[in-house]
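J.: Here it is: the structure, laid out below.
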Amino acid sequence: MAGNSRRRGAVRKAGTKKGPTVGSGGQRRRGLEGRGPTPPAHLRPNHPAAKRAQSPPRRPAKRTEETETVLGRNPVLECLRAGVPATALYVALGTEADERLTESVSRAADSGISILEVPRADLDRMTGNHLHQGIALQVPPYIYAHPDDLLEAAAGSLPALLVALDNISDPRNLGAIVRSVAAFGGHGVLIPQRRSASVTAVAWRTSAGAAARIPVARATNLTRTLQDWADRGLRVIGLDAGGDTMLDDLDGSDPLVVVVGSEGKGLSRLVRQNCDEVVSIPMAGSAESLNASVAAGVVLAEISRQRRG
């Protein structure tokens, strides 16, 4: 009878090829009451999605800088004379000493830098078989300041004078500008995190040690940082050959950030739009432009002159 739960399942007749087979009649059927809908994948204990959900979150990768190695007797000696922070001086065994090597070893010892004598083959491998003249200096990555640190550096000696670099890719220009900032009473230098020169041993050496005194900060977004500084009371002065204001007419008494563009590209469009003024340097003769570091030095010297009264 239909609906009779005690009714046994179908029974195959005896004598068939497969023989009699007895069904369960529903007696051994697993009960489904109360099980509910199938849970989502991340809630099933053995599902890969659940294991991924239970694992600790991955930390975002941090952008790191590699240690720099300065090669050659003249470059190494210049770095040590300029006070470039270094962790180790490598000298190849059997290297013939001259005045440069002797002075380099002496300066490294006086500065507490480790001096390691290594087989020439090891130094070749460390330097990628580049010309090293038997000596190499290991320089750790530069520790950049935060943009806010530059404002704090200027807080005790207002008015502030900061320099920002736009499209400057040559580390020698960066080092020379840092040197000018130190010479003319500036408080810090701001560079973009991407598409910009960084503080390498070359930049440090060109700064003649000023990089040890003047903080250099990196901005994730240069335009946004300039806008933030403008909101905090700084006037943003762009430096470009096609500027509307001549340097002679610039009022340098206010808190300023001077934005320096490259000699070739000048200021980028967004940076230029966020400048309160764009200043150009009057020049005589047929010269069309100045090197970026030279132009920055001229402007900083004029601002310093005005502030001295």
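From the backbone N, Cα and C atoms, a Cβ is placed for every residue, glycine too.
Positions annotated as S-adenosyl-L-methionine binding site by Swiss-Prot: GLY261, ILE281, LEU290. The compositional bias 'Basic residues' annotation in Swiss-Prot covers 1-16. Sequence annotations record features per position, and here Swiss-Prot assigns region 'Disordered' to 1-70.
Would you situate these features in the structure and describe their surroundings?
T.: In this structure, LEU290 (S-adenosyl-L-methionine binding site) belongs to neither helix nor strand by DSSP; it is coil.
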J.: Which state, by DSSP, holds GLY261 (S-adenosyl-L-methionine binding site): helix, strand or coil?
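T.: For GLY261 (S-adenosyl-L-methionine binding site) - judged by DSSP and reduced to three states - the answer is strand.
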J.: Using a 10 Å cut-off, grab the number of neighbouring Cβ atoms around the Cβ of ILE281 (S-adenosyl-L-methionine binding site), all chains included.
T.: 19
J.: Determine which residues of the same chain, besides GLY261, ILE281, LEU290, have their CB within 8 A of the center of the CB atoms at the recorded S-adenosyl-L-methionine site, and list them by sequence.
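T.: What remains near the Cβ centre is LEU239, ASP240, ALA241, VAL260, GLU263, SER280, SER289, ALA292, VAL294, ALA295, ALA296, VAL298, VAL299.
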J.: By a simple count, how many Cβ atoms lie within 10 Å of the Cβ of LEU290 (S-adenosyl-L-methionine binding site), its own Cβ left out?
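T.: The Cβ of LEU290 (S-adenosyl-L-methionine binding site) has 16 Cβ neighbours within 10 Å.
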